């Protein structure tokens, strides 16, 4: 959905708030820098009750329009306060015991791994890896994983073999800016082999889809007597803490996954394994429904 048509539907009051918010920011910038927390609390507006918010939503045909209008209507301080209140939220019944005991395996201290759905490694001294099983409403199985660190690359490949993964989807780059986001866990040149504790990974072929921003590589993996072929898809046009400028690449990624159905889980990872990764997996069923609707419509048109 393009942004311009969406903004056209936002009411005049919301658009006017952009100017007001800018003026407020300029007037109070120095005070916010000096005492950010107290200023945010002083400036932040009270949240509406759930009933009031339900009434607010009824003004819009599209939930995204409601969110955008409300966001523009509120001050920056209100958004900051909501973030501070919700960033440490933990759903009832959720625990992170294994993650807390293996913090050296976590890339980020503030992003733990949930016990209830985590992948449990078998046959190793430690059964912990920062990865979770996810099943979409359509029944498609995924593993949402943290990008491996340099000391978890072996665990990462152990998980791939154990869970019988045949497709890996990588949604970030190894380095973004000067920061390492993912340790290098597979070769990038055809014919090159990585030896990862007697797991031999060879890049046999690579196809570049430049117009969509991703590459599809064929990895030949030898572990003991097993010889396995794994497809590695690397999408490079999704900035961290942001969204792809062109959604066509994301849609094409879904088509590629659908063209090669498998009963084994698709391993998806970015750096932390929760932002880009969960956004992609969370939208999978919705995009699948839209693709099926398009296909059905096309078949009906051709039948006429």
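For all residues, glycine too, the Cβ spot is worked out from N, Cα and C.
Curation does not apply to TrEMBL; its annotations are automatic.
Marked as domain 'Tyrosine-protein phosphatase' by TrEMBL: 102-281.
Helix, strand and coil residue tallies for the domain 'Tyrosine specific protein phosphatases' (248-281), in that order: 18 helix, 4 strand, 12 coil [DSSP]. What TrEMBL lists as domain 'Tyrosine specific protein phosphatases' is 248-281.
Residues 107-108, 111, 130-134, 136, 140-148, 159-160, 163-172, 176, 181-182, 209, 212-214, 216, 231, 233, 235, 237-238, 240-241, 287-288, 291 of the same chain sit 6 or more residues outside the domain 'Tyrosine specific protein phosphatases' (248-281) yet have a Cβ under 8 Å from a Cβ within it.
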